[in-house]
Amino acid sequence: MNPQGGQYLNKTAVFSSLGAARLSQLALGCSVVAMVSHSAGYSGGSYGVFCMAVWCACFGMTTVMFFLDATRLHACLPISWDNLTVAFAALATLMYVTASVVYPVYFVRAECPYAGCEVRNFRIAVTVCSIAGSLAYGAEVILSRAKPGRVVGYMATVSGLLKVVQGFVACIIFGALANGTEYSRHVATIYCVVVYAVCFAMTTVVVILTVSGRTGCLKLPFDRFVVVYTLLAVLLYLSASVVWPVFCFDRKYGSPERPSSCPRGRCPWDSKVVVAVFSFVNLALYVADLVYSQRIRFVTQQPRV
């Protein structure tokens, strides 16, 4: 008998507030996937596939992370575990919220479909469990986030969490750009697309460096790198937020009103509005990020050998 054997399992992975949140995520995620596969269904184009992909991916990742935490095997990985878990929880929250809005909009109806009320009831249950799942992931973010006097990873700070939201909003912008925005008609709108791509790439680099624990590999101090990059992103997004509406909605270059003949769901004008709105959203996020970056005390992480 090995008297130390019990220490290989992490009891706090289960018997803690954070453990309870992750167990709730697993239970709700499993319920959603099971109900959608059993009777609720997700056929109906790319929206249903997107929702199912979100639920399956989050459930799979949560299962892996819960197992690694419970067995302490995450210590064998060359990553910053705390940064990884809170970054994933923040991303999963956003993805679950999106799926919780998209699925009922396209699949839930007040009247019973031809297959009977059972299918409708299952779809309502899926929506409810998905909303509860987003709350469970949000609870993990709240439990893991930085608090006064507590040393945590960068991703648990407001600035780190904003990086996840910025990347998510950029993905929404890219999705709208791919839906026929006709951005290639003007050099100015191409410039805006370059701005979105550059800022998204740099945000991704910051997240990867933090999660991998490689922030110490930079020749420039990480705190200064974050502040300089965020300031640059603010200036770039400010210019794009001005240029995009002018070249899309001014009468000289575009149309200030939605064309009456534009098909619903495939209208370039609608996609241009989405890009314009979320450009301002990301601008506000980067400004807030810049403000909070001034208040963070960084602890540089050296890469593991």
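For all residues, glycine too, the Cβ spot is worked out from N, Cα and C.
In TrEMBL this protein carries:
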{"type": "DOMAIN", "residues": "13-149", "note": "domain 'MARVEL'"}
{"type": "DOMAIN", "residues": "154-298", "note": "domain 'MARVEL'"}
{"type": "TRANSMEM", "residues": "12-35", "note": "transmembrane segment"}
{"type": "TRANSMEM", "residues": "47-68", "note": "transmembrane segment"}
{"type": "TRANSMEM", "residues": "80-102", "note": "transmembrane segment"}
{"type": "TRANSMEM", "residues": "122-139", "note": "transmembrane segment"}
{"type": "TRANSMEM", "residues": "151-176", "note": "transmembrane segment"}
{"type": "TRANSMEM", "residues": "188-213", "note": "transmembrane segment"}
{"type": "TRANSMEM", "residues": "225-247", "note": "transmembrane segment"}
{"type": "TRANSMEM", "residues": "273-292", "note": "transmembrane segment"}
(message) With helix taken as DSSP H, G or I, strand as E or B and everything else coil, how many residues of the domain 'MARVEL' (154-298) land in each class?
(response) 108 helix, 0 strand, 37 coil
(request) Looking only at the domain 'MARVEL' (154-298), report the model's average pLDDT. (result) 87
